[in-house]
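Enquirer: If you scroll down you'll find the structure; I have some questions about it.
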Amino acid sequence: MKYPDFSLENTLSGIIAGVDEVGRGPLAGPVISAAVIFTDRDTVIDGINDSKKLTPKCRQVLYEKITSVAKFGIGMASVEEINSYNILQATKLSMKRALANLNLELDYVLVDGNQPPEVKWQVKSIVNGDSLSISIAAASIVAKVTRDRLMEELHNKHPQYNWYKNKGYGTKEHLSAIGLHGITKHHRKNFAPIRIL
């Protein structure tokens, strides 16, 4: 398996942040973005990859390693913001907040995908960036673990939806629970199939 590396970062100079989001598709919960900067590219953390390719246990281990050596910022767009705007605008908002929470002046921002937020720094959009750039891949891990932990906390308040397991995604079990119990304030009211209930 080919792992992301610093090849993209090494074509640029200065302070470079990788940004990725998680939680665009679920029916419940916020969208979370993370921004990660490796100030010392000689630091090697084996196994960093797109978070979707990793087991939950592996993500947890890598999260602890990444956050102990890298600078990182977390940004969130709430369910209210997702309902008020749309998921694309809410995602961009969460990315901006993650970058702002770094509290650093940057030279470049590497963003996974092709719809980056408008920020004051130079931005490079990279499709499949979480499989190419180690900074973006690390951001995907930090964002995923952060959101998963949040959904597990929300599960304790609303166990009937089993968010501990499905993390708010539209599984058959989650949809069945919505049919039985209705929706909570944590559900995205403008997402199908909730919108048509």
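Cβ atoms are placed via backbone N, Cα and C, with glycine included.
Positions annotated as domain 'RNase H type-2' by Swiss-Prot, on the basis of sequence analysis: 14-197. The divalent metal cation binding site annotation in Swiss-Prot covers D20, E21, D112, and the record cites sequence analysis as its basis.
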Enquirer: Hey, for the divalent metal cation site built from D20, E21, D112, who else sits with CB inside 8 A of the CB center?
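Expert: Everything else in range on the chain: V19, V22, S33, A34, M95, V111, G113, G129, D130, I136, A139, S140, A143.
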Enquirer: Determine the mean pLDDT over the domain 'RNase H type-2' (14-197), rounding to the nearest whole number.
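Expert: Summing pLDDT over the domain 'RNase H type-2' (14-197) and dividing by its length gives 95.
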